[in-house]
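Asks: Below are the structure tokens for one structure; questions will follow.
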Amino acid sequence: MVDLDGTLVDTLGDFEAALAAMLTAIGRHPLSRAQIERLVGKGSEHLIRSVLALTAPAGAQQDPAAQEALTEQAWRYYQAEYLRINGQCSTAYSGAEAGLKALRAQGLRLACLTNKPIAFARPLLAAKGLEGYFDHVFGGDSFARKKPDPLPLIETCRALRSAPAQTLMVGDSSNDAAAARAAGCPVVLVTYGYNHGEPIRAVDADGFVDRLDALALRAATATPTQ
Ligand SMILES: O=C(O)COP(=O)(O)O
């Protein structure tokens, strides 16, 4: 199973554009890509709440009800804008499509498992010509809990009809690795993704690859995994 943001597609440009529109609409300044990179990977609700906390006017005290109302409003702006620009400011990583194609050619069943809402994930994969490689696509709202909880990985293994120990998670972050460890799945991390702005090689994983097509080459000589 393969993560989406930071693993298959570099989506920072989409996040930057959608967040800038949302922040401007509520009278705040846009964030830089470096700031956004640290916040991506834990789903949209976490992103919106973190962005609102980071851009809150200094010394401002808000009561919880007003804060919830602002979060709701921000989410509505963000969702509409993200759906509008989804895929326009993002690029599939070099080697991503070739890697998926080669893994499929080896007879492996593939799932995309992202914390992105499913309503964002499907159109993005379609826009980048990647949707057809997957037997299943699951988003952050497809199950009751998101990565780093093991539940989405366990459910994805079930959908793939593959035991967790035989099912490889490919991701770009400590979030993906923690979920894989908790689910009992082996995990390989790509070295070019976001990892919440932290160095990727410090993360506990079973391997690292610089390109997805390099992973496919390695899989061709190893035990079958999904
Ligand atoms: O947080 C997101 O929206 C995307 O997260 P992902 O790295 O699981 O694709």
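Using the three backbone atoms N, Cα and C, a Cβ is placed for every residue, glycine included.
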Asks: Pick from ASP141, ASP149, ASP172, ASP204: which one does TrEMBL list with ASP3, ASP5 for the same Mg(2+) site?
Replies: ASP172
Asks: Other than ASP3, ASP5, ASP172, which residues of the chain come within 8 Å of the Mg(2+) site, judged by Cβ distance to the Cβ centroid of those residues?
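Replies: Near the Mg(2+) site, beyond ASP3, ASP5, ASP172, sit LEU4, GLY6, THR7, LEU8, GLY41, THR114, GLY171, SER173, ASP176, VAL190, GLY193, TYR194.
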